[in-house]
Amino acid sequence: MSDIDKRESIAPPPPGYGAGIFFLAWAAVGWYGVLFSPTLMASFTAPGLDPGAAILPMMVSTALTAGGAWLVLRGLMTRNSGMKRIQLHIVAIPVLFLLSALLAAALIGFVGFMGPSFVFAFVWLAALNNQQRIWWKRTGLALMLAAGFTALIQIVFVHLLRVPLP
């Protein structure tokens with residue numbers, strides 16, 4: 001058996017409580033967005049059978065909370081949960097992603113949805129694209145995808161679902 005076959009046959013370790021903490025952090029962002037948005041909270045008291053615009057963020061936040069709590073509990077009960085092997089350079093990308101998402105969310109309240117969302121998507125699409133080595137192709141692809149994703153979210157939520165975005 002060659003070295004390549006040995007590496008491919010080794011299963012990765014199950015996620016430890018670090019993954020649960022990461023999911024709980026995203027759940028906290030979701031719950032903050034729902035609970036401190038007057039527009040979303042008002043959608044629950046609107047008359048009619050429509051559950052309102054807050055139902056999907058609440059469902060996702062609930063799933064992230066339950067999954068994150070389960071991973072934390074399972075990781076704490078497991079002897080080798082994998083947390084001690086985490087090094088700073090491995091954790092840097094998820095932490096920077098979370099911090100930049102929080103910054104983008106804060107900026108959306110001041111300048112609207114389109115600008116911060118586009119910049120957030122562009123920066124991360126360009127930074128994480130390690131398949132394309134030519135900088136102008138990587139940048140062009142990131143620009144097109146960021147513009148497309150931002151426009152798609154705007155069209156779907158504002159025009160089709162009539163969910164107000166800031």
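Every residue gets a Cβ built from N, Cα and C, even glycine.
It should be emphasised that the depicted structure is a prediction, and the values quoted were computed from it without experimental measurement.
Look at TrEMBL and you will find 16-34 (among others) tagged as transmembrane segment. Remote same-chain partners of the transmembrane segment (16-34), defined as residues 6 or more beyond its termini with a Cβ less than 8 Å from a stretch Cβ, comprise 40-41, 54, 57-58, 60-61, 64-65, 67-76, 78, 81-83, 86, 94, 98, 101-102, 105.
Per TrEMBL, the feature domain 'DUF1468' maps to 19-166.
Under the heading transmembrane segment, TrEMBL lists 54-73 (among others).
Residues annotated as transmembrane segment in TrEMBL: 85-104 (among others).
Per TrEMBL, transmembrane segment is recorded for 110-128 (among others).
Sequence-distant contacts of the transmembrane segment (140-161) (same chain, six or more residues past either end, CB-CB distance under 8 Å): 53, 113-114, 117-118, 121-122, 125-126, 129, 132. According to TrEMBL, the transmembrane segment annotation covers 140-161 (among others).
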Tally of DSSP helical, extended and coil residues in the domain 'DUF1468' (19-166): 113 helix, 0 strand, 35 coil
